[in-house]
């Protein structure tokens, strides 16, 4: 069905992942907001380019045309416009829905979580953009996923490239969707699409290729600023100037080594207006997995300065930049690693099991566990009147509960509890 049922161990692993991501968002001062799963169909129309066919459309009994949210960005832009908010730093963790062909091994589902962080408001160029890239770097480093690379580009530079290659403006978006396939298709196939399906001349396609195969850092930006054709294009010049500024800020953040300015990066969505980026995991040489896991990008985002204005009756714009973390794809990688290592994932956070060594001590267990719960201690007990002590200790081992609080006849007489460290079997009376 293209969605997944999570076993307790998997759910626990995903919860830890989400907690780490949210902790990073909060560290950067973001407030949580939520938007409905259902949006009016017209809210989502025309925002996703060729991916529009993946939106789930619905009709309610009142005849309204509705759709399930495809991402968290368009609903956020609608939220800003409706509430007349011009300045906000927010995060949102929620499920989104896509009428896609699921590919479980690649972390692609019809229902999955997205974790978004966005900065809305009029600020000096590239400072919020640099912070979004810093967040991606922090999260991917914290999760210890191995080596990764964050590719960046700018829609204005791309549009400038298309313009100097002689492509009419009306074909910019359709060219973007063709170039976007370069990470999964060879150049010849992409060229065939440009020429055969989209009516481009073979010379123009080859001219585009000269640019889109370039990637590098500040040196490449400097080189393109001197390019006789691109430097004459207003949009490209603006984009390259901002890209240079971005790399200066990334150097100050100490993360420029993980960033690559890549002219083949497009991102398929129509609403991007400036800087765009995507993070990819680099396959480790020594990964002990049966087959390499191909998950594509694990985070992406960019600047979308025109989206809020589409929902404002007066067309008032609110500049925005944001990042989306592909938690299910990251989860697919971690899940496979845990499986390969044979490591057990704790399914609960229980700190102590309340246990008794003799029969007829259910009342003592219930009293003690109630005290522990009231004191904010995470505790469990077995739901049997007279469980064997061995069975109770075995339950601790199976579920990874570190402590057992044992109360029996002697302990009740002495007014103490015996606390047992399950792993070392050491016991103390308290």
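Any Cβ shown, glycine's included, is placed from N, Cα and C.
No curator has checked TrEMBL annotations; they are predicted automatically.
Features of the protein shown, as given by TrEMBL:
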type	residues	note
DOMAIN	1-357	domain 'Aminoacyl-transfer RNA synthetases class-II family profile'
BINDING	71, 72, 73, 98, 114, 118, 267, 271, 272	L-histidine binding site
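Counting every protein chain shown, the Cβ of residue 71 (L-histidine binding site) has 20 other Cβ atoms within 10 Å. Ranking the binding-site residues 73, 114 by the number of CB atoms within 10 A of their own CB puts 73 at the top.
Between the listed binding-site residues, namely 267, 272, the fewest other CB atoms within 10 angstroms of a CB are found at 267.
Spread of the L-histidine binding residues is 22 Å (greatest Cα-Cα distance among 71, 72, 73, 98, 114, 118, 267, 271, 272).
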